[in-house]
Amino acid sequence: SFVSLQEHAYPADELMPLTCRGRIRGQEPSRGDVDDALGKFSLTLIDTLDTLVVLNKTKEFEEAVKKVIKDVNLDNDIVVSVFETNIRVLGGLLGGHSVAIMLKEKGEFMQWYSGELLHMAKELGYKLLPAFNTTSGLPYPRVNLKFGVRHPEARTGTETDTCTACAGTLILEFAALSRFTGTSIFEEYARKALDFIWEKRQRSSNLVGVTINIHTGDWVRKDSGVGAGIDSYYEYLLKAYVLLGDDSFLERFNTHYDAIMRYISQPPLLLDVHIHKPMLNARTWMDSLLAFFPGLQVLKGDIRPAIETHEMLYQVIKKHNFLPEAFTTDFRVHWAQHPLRPEFAESTYFLYKATGDPYYLEVGKTLIENLNKYARVPCGFAAMKDVRTGSHEDRMDSFFLAEMFKYLYLLFADKEDMIFDIEDYIFTTEAHLLPLWLSTTNQTISKKNTTTEYTELDDSNFDWTCPNTQILFPNDPMFAQSIREPLKNVVDKSCPRGISRAEESLGSGPKPPLRARDFMASNPEHLEILKKMGVSLIHLKDGRVQLVQHAVQAASSLDAEDGLRFMQEMIELSSQQQKEQQLPPRAVQIVSHPFFGRVVLTAGPAQFGMDLSKHKAGTRGFVATIKPYNGCSEITNPEAVKEKIALMQRGQCMFAEKARNIQKAGAIGGIVIDDNEGSSSDTAPLFQMAGDGKNTDDITIPMLFLFNKEGNIILDAIREYEAVEVLLSDKAKDRATIFKGKTIPNYIIDSNLEMDNMDQKLSENDSQKQSSEETTSASQGVGDEEPEGGDSSDVAQPDPLSSAPADSDSVSTSNQDSYVADSEASSIPEPECAQADNQPQEQKTDTESDSKANWDDKVPPMESILADWNEDIEAFEMMEKDEL
């Protein structure tokens with residue numbers, strides 16, 4: 001992947017692994033906030049510097065540093081995320097500087113180095129400082145590298161909110177920059193931001209919210225968890241204590257940790273709660289970023305819950321091959337993407353270091369096998385667009401090389417494999433290495449305790465802070481196994497439902513009077529309970545039922561709280577019902593030479609024709625372009641289309657008409673390619689092709705829709721190789737299944753993570769291989785945060801998902817609303833426990849991409865894309881045995 005970065009993407013910020021080119025901001029369709037990490041400063045190269053040294057690639061590191069010094073410009077007129085630029089670029093420069101001076105001291109490499117990376121880090125630090133020009137000391141979320149904020153040409157500085165992690169994940173990099181340079185201002189600014197967040201914590205619960213107003217300090221989003229938006233704030237409190245030796249950071253972390261374990265931790269789950277009502281869950285799903293938390297718990301010394309949560313996450317991974325971006329408490333997919341996040345690998349590494357249990361080597365081996373089997377593509381590793389279908393996204397974030405490779409290598413590396421002692425460094429949240437000796441260098445900041453009102457906590461919570469693991473459990477694998485054992489089937493249980501903290505707190509006392517899943521509008525007893533909770537029921541003219549809550553009409557404050565929870569649950573059930581009416585995305589997998597099933601394209605389904613979810617083998621065949629290309633009249637080249645999968649262009653007639661015409665010509669399937677130049681599944685909502693308003697039972701072949709970018713990948717392949725074979729299916733198939741009885745390629749990660757070495761180490765530890773299960777999961781809608789001090793909540797049934805108009809441009813879409821309990825709509829679904837497979841990911845109502853970029857001009861010829869495969873291809877042709 002690093003070689004591909006150098007060959008195909010440099011000096012771009014990121015590598016696009018499917019099309020083998022660099023992602024340059026402004027030259028690709030905007031992906032929204034995700035692109036704020038890109039600053040035209042060779043992001044991935046900088047983010048990967050210290051990884052090269054960890055992997056013992058010292059010569060490559062030396063050449064990479066020279067490139068950064070020579071080519072990278074930090075004075076670009078571009079708006080970037082303060083948070084991402086800090087952890088990836090500033091952290092990358094500091095991590096590179098840390099290992100550069102280490103190598104120079106050893107006397108073999110980097111003898112010419114004179115602190116150039118540190119000078120660049122200091123320049124970047126000064127460019128980030130204008131973001132801190134607020135009365136609170138919390139930084140603006142974005143800054144213009146050239147013009148700062150609130151400058152006429154800055155195009156930023158109008159934001160009012162930032163996330164807690166965005167403002168609270170600065171202290172390691174900024175303090176390291178101050179300690180390295182002797183310039184105290186950076187550490188001062190980062191400390192001030194942390195101090196402000198601490199002072200604004202919710203005092204009764206000791207929790208913090210997700211987003212905060214940078215001017216007033218008011219919490220904007222009042223839900224609290226350990227995942228997205230908050231995660232690394234907690235991480236940096238503990239690590240700031242480790243790196244800087246300031247006891248106040250440990251005291252703050254312990255205070256927060258006590259609250260987390262009291263309210264958010266519901267083993268093995270970690271569920272968001274409301275900061276003012278921490279006994280009330282804020283949602284019924286978890287995001288993948290919380291996978292870092294077991295690793296942090298290891299650093300804190302609280303091993304048991306770390307093992308429990310990690311095991312639960314591993315069971316989810318075995319179910320879906322990767323950890324979905326979000327999943328529900330009953331382990332259904334909520335957000336289906338997976339951008340190759342490293343947090344789970346990070347926790348796996350720390351748990352193995354703490355326990356010595358070879359089980360975690362098996363976990364690491366599973367991660368590597370899944371990356372090779374499902375994510376490896378021509379020029380690197382591609383993010384998963386949908387873990388249920390196996391489709392890819394043309395994206396490889398810099399953190400994949402910065403973190404994933406680093407943690408997986410360290411997991412299997414022995415001490416003699418390392419050219420330096422990793423224990424002399426602390427990992428930043430981006431896994432950059434900062435030396436621990438910084439704690440005694442250039443201490444220009446007073447350590448006086450600026451925090452106040454620490455809560456008196458149970459001392460037992462801190463007995464094992466930063467413990468000696470040899471005393472805790474002297475390499476006894478059975479310790480961890482005994483904790484994991486009760487959880488090994490937690491994901492596979494039928495319709496599991498965790499007990500909420502609110503229910504648990506009730507113990508054997510009075511149970512909640514009514515749960516949304518049990519409610520029946522025809523039950524007089526239920527209606528009486530609703531009345532007591534301040535919830536009234538209104539029958540609408542169209543037959544729907546509307547629920548409205550007025551807290552002031554409840555019999556008591558406790559009844560009002562029960563009513564609020566009931567409304568929230570009803571919203572979640574309604575959202576789930578709405579999503580279950582949607583069709584899931586499908587997959588188009590190119591299986592012919594030289595792709596061999598490695599390229600998987602996200603395809604939109606049709607509401608007519610063969611249901612691929614019921615035909616698991618899918619439809620496989622060579623593709624052929626029809627004439628006329630729009631497919632709106634009788635096909636004039638039926639001999640070319642017969643027994644093949646027809647390619648056609650969207651437009652000029654109805655989708656069903658196209659399907660009938662190609663079916664009549666003998667096609668076994670059809671792919672409609674969008675005529676909107678530059679459209680892509682990366683940036684546009686999923687299409688669902690609707691029927692024509694008539695009976696479509698006569699259409700029996702499968703029909704799928706590809707956006708322009710994905711369609712061009714097939715068209716380019718046809719131009720290069722003529723005979724292109726694809727598989728239309730509900731999800732990508734394992735290549736062993738596709739090529740049964742045929743010879744196929746066998747790729748491994750090109751980063752010293754040889755499977756032989758892993759097998760050897762695993763056998764030395766006498767561990768057993770864990771088999772992954774190939775199953776799918778349904779997605780579930782959720783409710784959002786409760787309104788602060790809301791007196792009324794209005795819940796009405798949303799319009800059911802309707803098919804799009806049946807014209808040539810019609811699509812069936814729906815939006816996953818973010819429900820708020822004071823003014824949103826919900827239906828009253830029949831309670832059921834559906835284990836339906838392949839539920840769709842969220843879909844947007846945004847209009848399709850209006851980008852007119854000429855992809856043909858940007859995408860290099862297929863020959864150049866696949867040039868680096870030639871040697872492998874020649875070897876494949878000589879192979880006589882089946883391989884995977």
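Positions of Cβ are set from backbone N, Cα and C atoms, glycine also.
Small disclaimer: the values here were computed from a predicted structure and weren't measured.
Other Cβ atoms within 10 Å of the Cβ of Glu84 (active site, proton donor) number 23 in total over all chains. The active site, proton donor feature in TrEMBL is assigned to Glu84 (among others).
Cβ neighbours within 10 Å of Asp231 (active site), excluding its own Cβ and spanning all shown chains: 25. Sequence annotations record features per position, and here TrEMBL assigns active site to Asp231 (among others).
Annotation for Glu325 (active site, proton donor): same-chain Cβ neighbours under 8 Å, separated by at least 6 residues, are Asp287, Ser288, His334, Trp335, Ala336, Gln337, His338, Pro339. Per TrEMBL, the feature active site, proton donor maps to Glu325 (among others).
Annotation comment: TrEMBL describes Glu343 (among others) as active site.
Long-range Cβ neighbours of Thr429 (Ca(2+) binding site) (same chain, at least 6 residues apart, Cβ-Cβ under 8 Å): Ile87, Thr169, Leu172, Asp231, Ser232, Glu235, Tyr236, Phe292. Here TrEMBL flags Thr429 as Ca(2+) binding site.
Per TrEMBL, the feature domain 'PA' maps to 626-713. In the predicted model, residues of the domain 'PA' (626-713) average a pLDDT of 91.
The region 'Disordered' annotation in TrEMBL covers 761-861.
According to TrEMBL, the feature compositional bias 'Polar residues' maps to 768-780.
The compositional bias 'Low complexity' annotation in TrEMBL covers 796-814.
According to TrEMBL, the feature compositional bias 'Basic and acidic residues' maps to 843-860.
Over all protein chains present, the Cβ of Glu343 (active site) has 24 other Cβ atoms lying within 10 Å. For Glu343 (active site) paired with Glu84 (active site, proton donor), the C-alpha to C-alpha distance reads 16 Å. With DSSP states grouped into helix (H, G, I), strand (E, B) and coil, the domain 'PA' (626-713) comes out at 20 helix, 15 strand, 53 coil.
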